[in-house]
Amino acid sequence: MTPYSKDFPVSWHELHRDARALSWRLLEQGPWKGIIAITRGGLVPAAILCREMDIRLIDTICVVSYDSSEEGGAANVQGDLRILKGVEGDGEGYILIDDLVDTGKTAREIRKMLPKAHFATIYAKPAGKPLVDTFITEVSQDTWIRFPWDMEYTFSTPLADRQKG
Ligand SMILES: O=P(O)(O)OC[C@H]1O[C@H](OP(=O)(O)OP(=O)(O)O)[C@H](O)[C@@H]1O
Ligand SMILES: Nc1nc2[nH]cnc2c(=O)[nH]1
Ligand SMILES: [Mg+2]
């Protein structure tokens, strides 16, 4: 049984705007040595942050967590976190970026590896929020965020027709 009953679709435009808002917040807290993106969701926000903040040193922590093999591609079943690639050091002076924090499981594990990094996300749900140093938008725990890279344009049935069905 999925704990998600609401959908929160995010467009490229909204994501860009929110990532730029995060850049403003982080610029005020710098200087920064570089950015560490948590793959894969942190990669697009990392690219936007680097551009806005003139950061050229970009590293990755590569992890596998949620299972996207479910029918319909709804990637909402979380398994054990597997670290495919880490980084050296304790993260001091670095921004650690991910697209969102949900249960906080990913953040908790990665914060153990990089306790001095500044953990930033664009979106945060209540359970994961205490683990984040800076975020932009909070959504409820029962909401599944849909990122633009996971979606495509398709026909939308008019509301009146949906009621008939
Ligand atoms: O707070 P948590 O409950 O741990 O969830 C947050 C993580 O889940 C998503 O990644 P996902 O595992 O879906 O993989 P992806 O980034 O490779 O798409 C998201 O990008 C975070 O990394
Ligand atoms: N796309 C997406 N991935 C997630 N991983 C954990 N929570 C979420 C979510 O709300 N949306
Ligand atoms: Mg992720």
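Note: Cβ is positioned from N, Cα and C throughout, glycine not excepted.
Sequence annotations record features per position, and here TrEMBL assigns 5-phospho-alpha-D-ribose 1-diphosphate binding site to ARG40, GLY41, ASP98, ASP99, LEU100, VAL101, ASP102, THR103, GLY104, LYS105, THR106. Feature annotation from TrEMBL assigns Mg(2+) binding site to ASP99. Residues or ranges marked as xanthine binding site in TrEMBL: ASP102, ILE145. Per TrEMBL, the feature guanine binding site maps to ASP102, ILE145. The GMP binding site annotation in TrEMBL covers ASP102, THR103, GLY104, LYS105, THR106, TRP144, ILE145. Per TrEMBL, the feature domain 'Phosphoribosyltransferase' maps to 12-154.
Sequence features, as recorded in TrEMBL, placed on the structure.
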residue : record                                              : DSSP class
ARG40   : 5-phospho-alpha-D-ribose 1-diphosphate binding site : coil
ASP98   : 5-phospho-alpha-D-ribose 1-diphosphate binding site : strand
THR103  : GMP binding site                                    : coil
TRP144  : GMP binding site                                    : strand
The answer for which binding-site residues (ASP98, ASP102, GLY104, THR106, TRP144, ILE145) have a CB under 6 A from ligand 2 is ASP102, TRP144, ILE145
Taking every pair from ARG40, GLY41, ASP98, ASP99, LEU100, VAL101, ASP102, THR103, GLY104, LYS105, THR106, which the record gives as binding 5-phospho-alpha-D-ribose 1-diphosphate, the longest CA to CA distance in angstrom is 17
CB < 6 Å to ligand 1, subset of binding-site residues THR103, LYS105, TRP144, ILE145, seq order -> THR103, LYS105
For GLY104 (5-phospho-alpha-D-ribose 1-diphosphate binding site) and TRP144 (GMP binding site), the CA-to-CA distance in whole Å is 14
Neighbours of TRP144 (GMP binding site) among binding-site residues ASP98, LEU100, ASP102, THR106 (C-alpha cutoff 10 angstroms), in sequence order, are ASP102
Going by C-beta under 8 A and a gap of 6 or more residues, the same-chain neighbours of ASP98 (5-phospho-alpha-D-ribose 1-diphosphate binding site) are ALA37, ILE38, GLY41, GLY42, PRO45, THR106, ALA107, PHE119, ALA120, THR121
A correct count of other C-beta atoms within 10 Å of the C-beta of THR103 (GMP binding site) gives 15
Rounded to a whole number of Å, the separation of the Cα atoms of LEU100 (5-phospho-alpha-D-ribose 1-diphosphate binding site) and ILE145 (xanthine binding site) comes to 9
